[in-house]
Amino acid sequence: MKIGILLSGGVDSAVALYQLKNEGYEIVAYHMKTMKDEFFLNRQVKHKICCSPSDTVDAKLIAKTAGVPLKVVNLHEIFKEKIITYYLQEYTRGRTPNPCYFCNRFIKFGYLMDLMIEDGVDVISSGHYARVVDGKLLKALDKEKDQSYFLASIEKERLKKIVFPNGDKTKDEIRDIAKKAGIHVHSKAESQDLCFIPDGDQKRFFEEQGIKIKSGPIFDKYGKKIGEHTGLINYTIGQRKIGVSAGERVYVTRICADRNALIVGNEKDVQSDKFSVIDFNLLVDIDKNFEATVKVRKNSTEVPCKVSLENHRVIVKTTMPVFAVAPGQAAVFYRGDIVIGAGIIEKIL
C-alpha cells in the first residue's frame, strides 16, 4: 500500500512518517506551501507558524534522512481563493472566521488530497492528533492535543482513506520517539499563528489586501456610546479587553459590521443556549434530530445539547448557557470520542 503523508516540517508529521515507514509501507511525502517565500521576507515572525520557508528546509531534511521522496506543492492560488478570501470576507461581515477548519476541508484533505490520489496514493496521512476508526473520526487519546475540532470539516467519504498515526500518543511520547530516532526537529516549537499573518499584524494584512480598517463606536446594551474601537477585525464575541471603562466588567456581545460598531454587555449578556448552524457536515448516520455534546471553540467545554435539522439549518439547544457563541466559528458535535458532525455558527436565536 502506498501512503502519502502531509509533511509540514514539524515533529508531529515527522514522527508519523517514521512510524509508517517502520511498518513497511511505501511512503511519498508532500509538503505544501500556502504563501510564496518572498511574502515572509519583510515580516517579523512573532511565533512559530506553519508553511514558512524554514519549514520547507526542515521537511526536505526529514524526507532525505528517512529515504522517502518529497514533493513540494505550491498552493498559493487555491489557498488565496479558498482561505484568504473567505477570511477577509468573514471579518468584514463582523464574523469570526476559522481558517484552520476550512484549510483542512478544502486544502489539506481536499485539493491536496485529490492531487495525491491522482499520483497513485492509496491512503493519506498526517501528524494530526485524532483517530479514524472504521471510517469514523474520533478524538485523540491525548485530549489536550486533540485536533478533531479542526478536522471535523473533512468530508465523510474521505475519512476511509485517512490515517492518523499519532492519535493514540501524547505529545511527550511523540517528542521522545523523535529524539530516540534522531529526528532533528524533535524539540521544534509548535505552530501558533496563522501562516498568512506571520507577524500577527492583522491591520497591515487587511490593508495590503485593499481593505481599510476604521475605528468606530462602542455602545453599551442601552445604546450609550462608551468608547471607540480600533477596528472590528480586532474583536470577537466574548472578548473582555476592549479598552473602555464601563464601571463593570464588560464583554463584546455583538459586532455590527453595517454600523462599524461594537455592542458590549455583562457576562450574562454574552451567554446563549440556542443558536443556528449552517454548512453542516454530517460524519455518521444518525436521525435528523439527535442529542450530543457541542464545542463552540477549540478550547471550550463540551455542553450537552439537542440538535434538529430545520430548513437546511441545524438548530442547537444546549442544556445550559454557553459563553461566547461567535458567528463564523465552528460548532462541532460529539458522542463520547466520536465526532458526529460540524458546521459554522450562523447566529444566536
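Placed from the backbone N, Cα and C atoms, the Cβ positions cover glycine too.
The Cβ neighbour count for Gly10 (ATP binding site), using a 10 Å radius and every protein chain shown, is 21. Residues annotated as ATP binding site in Swiss-Prot: Leu6, Leu7, Ser8, Gly9, Gly10, Val11, Asp12, Ser13, Met32, Gly127.
When secondary structure is read from DSSP and collapsed to three states, Cys103 (active site, nucleophile) falls in the helix class. Long-range Cβ contacts of Cys103 (active site, nucleophile) within its own chain (separation 6+, distance under 8 Å): Phe79, Lys82, Ile83. The active site, nucleophile annotation in Swiss-Prot covers Cys103 and is backed by sequence analysis.
Sequence annotations record features per position, and here Swiss-Prot assigns disulfide bond to Cys103-Cys195 based on sequence analysis. Other C-beta atoms found within 10 angstroms of the C-beta of Cys195 (disulfide bond) number 22, with every protein chain shown included.
His128 (site 'Interaction with tRNA') falls outside any helix or strand according to DSSP and counts as coil. All protein chains included, His128 (site 'Interaction with tRNA') registers 25 other Cβ atoms within 10 Å of its own Cβ. Under the heading site 'Interaction with tRNA', Swiss-Prot lists His128 (among others), citing sequence analysis as support.
Here Swiss-Prot flags Cys195 as active site, cysteine persulfide intermediate, drawing on sequence analysis. In the three-state DSSP reading, Cys195 (disulfide bond) counts as coil.
Positions annotated as site 'Interaction with tRNA' by Swiss-Prot: Gln329 (among others). Counting every protein chain shown, the number of other Cβ atoms lying within 10 Å of the Cβ of Gln329 (site 'Interaction with tRNA') is 23.
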Other C-beta atoms that fall within 10 angstroms of the C-beta of Met32 (ATP binding site):
26
I'd like the Cβ neighbour count for Asp12 (ATP binding site), meaning other Cβ atoms within 10 Å of its Cβ, all protein chains included.
26
Roughly how many angstrom lie between the C-alpha atoms of Ser8 (ATP binding site) and His128 (site 'Interaction with tRNA')?
11
If one looks at the chain holding Leu6 (ATP binding site), which residues at least 6 apart in sequence have a CB under 8 angstroms from its CB?
Ser13, Tyr30, His31, Met32, Lys108, Leu112, Ile124, Ser125, Ser126, Gly127
Specify the nearest of the recorded positions His128, Cys195, Gln329 to Asp12 (ATP binding site), where nearness means the distance between Cα atoms.
His128
Between the recorded positions Gly10, His128, Gln329, which lies closest to Cys195 (disulfide bond), Cα to Cα?
Gly10
If the ATP binders are Leu6, Leu7, Ser8, Gly9, Gly10, Val11, Asp12, Ser13, Met32, Gly127 per the record, what's the largest distance between their Cα atoms, in Å?
16
